[in-house]
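Visitor: Take this structure first; my questions come after.
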Amino acid sequence: MLVSNGGTGSAHEWDRTTIDYDIEPSSDTHAIEISSNDDYLHPLAQFKKSEEFDEVPTNTLIHEVPSFSDSASNIQSQRNLSPFKELEIVSKKKSEQTFSSAVDFSAINVKNLNLKSGLFDPEPPSYDPDYAFNQRSLQSDPGSDEMFRNFKKSISLEELKSSYKLASAEMCEPETRLSFLQLALQAEKSSSRRNREYVARKKEEAFDYLTSFVSQGNSFFGYSEALYLLAVCYGTGALRTEINEKEAYRLYKMAADLNHVQAAYRVAICLQMGFGVTQNTEEAIHYFFRAASGQHVGAMHRMALIYFRGLMSVKRDPVKAMYYLNLGALEADHEFPQALYDLAELYEHGSSYLDGLLELSPRKAFVLYHIAAKYGLKDAQLRVARCFELGQLECDINLVRSFVWYRRLARKRNPEAMWKLSQFYLNGVDDVIYPNPELANEWAKAAAYKNHHLASTFVQDVGKEDVFEKTSITISNEERKSRNSESLPKKKKRLSMLSFKRSKNRESCIIS
């Protein structure tokens, strides 16, 4: 858990912070299994690039969040107001050097970060945005396989059947059936084959529920949600629906006009990318702003990118950009963690170009990288692994933790992580991971298959000569077999001696 002393303003005294990993021995000597709260981690979607934003495919999903400001309804009622004039509501005084009058950071929910509101400095940035936001960090808002952020991470088949039983009753409330439809759409995207097969058997009935809800008009509370779910079906092919981008956009637009936050974000994406409608960047900004006003994390991050780089014919404004980036970082979660990563880059590079309003802070950068890594962002996981490996960002070197992060990322087929994991297996990690040249070669081949240059060279050298004989860490096959045959109690005892037993595994990394 990351803890601060709750200071306010831009000057903080950070307490000593501990980052916990419960490392348990595995039956495989060359692997460390961790027991943590990272079960929800999943590979993030990687999208292709476009001219102004990373391209978002039509099946990108958006997520409902509650409104945090009464200003959202006021803004939405001002239909004749230009989007550029609307944006002036966010920052009334462009020349202000602080956001204290624009937003009350103490009132923002920071439960996702387990931090008090004093973490993020609310001063405007002073740096070259083109330097801080490199091409890698300008990737699209990462999505997940989950449809709605307020859903559980997984659904059991029994829960799905129980929900259907309630929804199929004759005197069923519309909200009950709507809840089943939400679960069905999520289960269809899950990794459980039984869940997918069950939804496939009920897809026609579920689609009939949706169409009946929409045909009733705005006569029940969940009408906007039903419109959105039906739009998801037409836009992504859910419930085996034939994809129809024009119909999906029409339904998204109807839901957005009823103040549905995710639908507003989806309409903005459609207008920006031209999915089912003619491209209209001015209207896209209007809907991005509406979604951001409804506290949609992805929309807040998009607005930050627009102002940082001056995209879509909008004048570059670092003050407004930093406002949205701070909000996006405060509300970031496992579906939209990118704002954390971008803010970490700013703290890592510091204000090298203007008045020094955003000071260099490696400690805060590491905290933000680590939170984004816990949320599953691949770039952040790679950065955290390097920090533990090389002692960067004022972090103590810890090869075991570095190995854990590299291995987690290597399982997602990241070539750099696979190459690093190969080096760890080649050289070993203290007395926890024994050298294993064969396994090192396998991971190097996997990285080479992904066109990693160093891994390709390494594999070619292995084919020409016995590289492993030149290393000082090579162990004999007999010794390796002897180590692999250690009983589980012996492994636990060995890990305990190295202070990696569950009850004692609380190594500290000073971040202040």
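Sequential numbering from 1, following the chain as shown.
Just so you know, glycine gets a Cβ as well, placed from its N, Cα and C.
Fair warning: this is a prediction, and the values are worked out from it, not measured in the lab.
Dumping what Swiss-Prot says about this protein:
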| type | residues | note |
| --- | --- | --- |
| REPEAT | 224-260 | repeat 'Sel1-like 1' |
| REPEAT | 261-296 | repeat 'Sel1-like 2' |
| REPEAT | 297-333 | repeat 'Sel1-like 3' |
| REPEAT | 337-377 | repeat 'Sel1-like 4' |
| REPEAT | 378-414 | repeat 'Sel1-like 5' |
| REPEAT | 415-452 | repeat 'Sel1-like 6' |
| LIPID | C509 | S-farnesyl cysteine |
| MOD_RES | C509 | cysteine methyl ester |
Visitor: Restricting to the repeat 'Sel1-like 4' (337-377), report the mean pLDDT as a whole number.
Guide: 84
Visitor: Counting by DSSP, what is the helix, strand and coil composition of the repeat 'Sel1-like 3' (297-333)?
Guide: 26 helix, 0 strand, 11 coil
Visitor: Counting by DSSP, what is the helix, strand and coil composition of the repeat 'Sel1-like 6' (415-452)?
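Guide: Tallied per class, the repeat 'Sel1-like 6' (415-452) gives 26 helix, 2 strand, 10 coil.
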Visitor: Sort the residues of the repeat 'Sel1-like 1' (224-260) into helix, strand and coil with DSSP and give the three counts.
Guide: 29 helix, 0 strand, 8 coil
